Amino acid sequence: MPQTQKQYVCEICKKCFSHIGYLKKHLQRHTADKPYVCEVCEKSFALFDYLKSHMITHKAEKPYVCEVCQKGFARFDNLKAHMIIHMAEKPFVCEVCKKSFAHIGYLRKHLRRHTAEKRYVCDECDREFSQYDYLKTHMATHTSKKPHICEVCDKGFARLDHLRIHVRIHTREKPFICEVCNKGFTHISHLKSHMRVHTGEKPYVCEVCKKAFARIGDLKRHTRTHTCEKPSTGIV
């Protein structure tokens, strides 16, 4: 399929456009020209789309409703900003580990970790998962295709996000920062696990004695005390 010829060039930033109309619309970003004026408050805008978005704020229609307090908003970004107010409000409490949630849906999703409810089954190895997203992630481990290659060590990955996480080993980048103690982590799951040190949350519960743990590794080590299994030392 032939590429569309782009013959209209912005003299300011040299960006090319296939139609003169696109160029004219683009040029408004470089100028103070704001021809679109709100009839209600006389605020002016460079693009008609900006005016349209602004006009919603003057209408009584508020289609974006907060699920917590039922307050309505004209724009979705305003609703998102409002939801921060409720982030500290977590009235739905897990009876197993006492972790609290802002919404009942989040609690239900969390409860699957404590139950045997695993509805999504891998066709390759019959492993079961409580959520479809977990199954999707797991399925990538069965593919032999690993097109995403680390430029440092040539290790291959089936998924791009796994490569990005891996690269942090080489860069020592730790973008996930604990807001309590400022400790940095390479992966969000490591930060979440660390946060339990500050919150006291212990979501991993022993099925034998009901003792709870903050980390899955601690639970696995504890479970060996019931099975008499001893961890391998590597000594024959």
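Note that Cβ sites are derived from N, Cα and C of the backbone, with glycine treated the same way.
Nobody curates TrEMBL annotations by hand; they come from automatic prediction.
Since we're looking at a predicted model, the values are computed, not measured.
Copied from TrEMBL, the annotated features are:
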type	residues	note
DOMAIN	8-35	domain 'C2H2-type'
DOMAIN	36-63	domain 'C2H2-type'
DOMAIN	64-91	domain 'C2H2-type'
DOMAIN	92-119	domain 'C2H2-type'
DOMAIN	120-147	domain 'C2H2-type'
DOMAIN	148-175	domain 'C2H2-type'
DOMAIN	176-203	domain 'C2H2-type'
DOMAIN	204-231	domain 'C2H2-type'
DSSP-derived helix, strand and coil totals, residue by residue, for the domain 'C2H2-type' (148-175): 12 helix, 4 strand, 12 coil
Mean predicted confidence [pLDDT] for the domain 'C2H2-type' (120-147): 74
Tally of DSSP helical, extended and coil residues in the domain 'C2H2-type' (176-203): 12 helix, 4 strand, 12 coil
For the domain 'C2H2-type' (176-203), sequence-distant contacts whose Cβ falls under 8 Å of one of its Cβ atoms, 6 or more beyond its ends: 94, 96-99, 110, 113-114, 165, 168-169, 212-215
Positions on the same chain near the domain 'C2H2-type' (204-231), where near means CB under 8 A and six or more residues out: 96-97, 114, 193, 196-197
The domain 'C2H2-type' (204-231): DSSP-derived helix, strand, coil residue counts: 12 helix, 4 strand, 12 coil
Remote residues contacting the domain 'C2H2-type' (148-175) - C-beta distance under 8 A, at least 6 residues beyond either end: 137, 140-141, 184-187
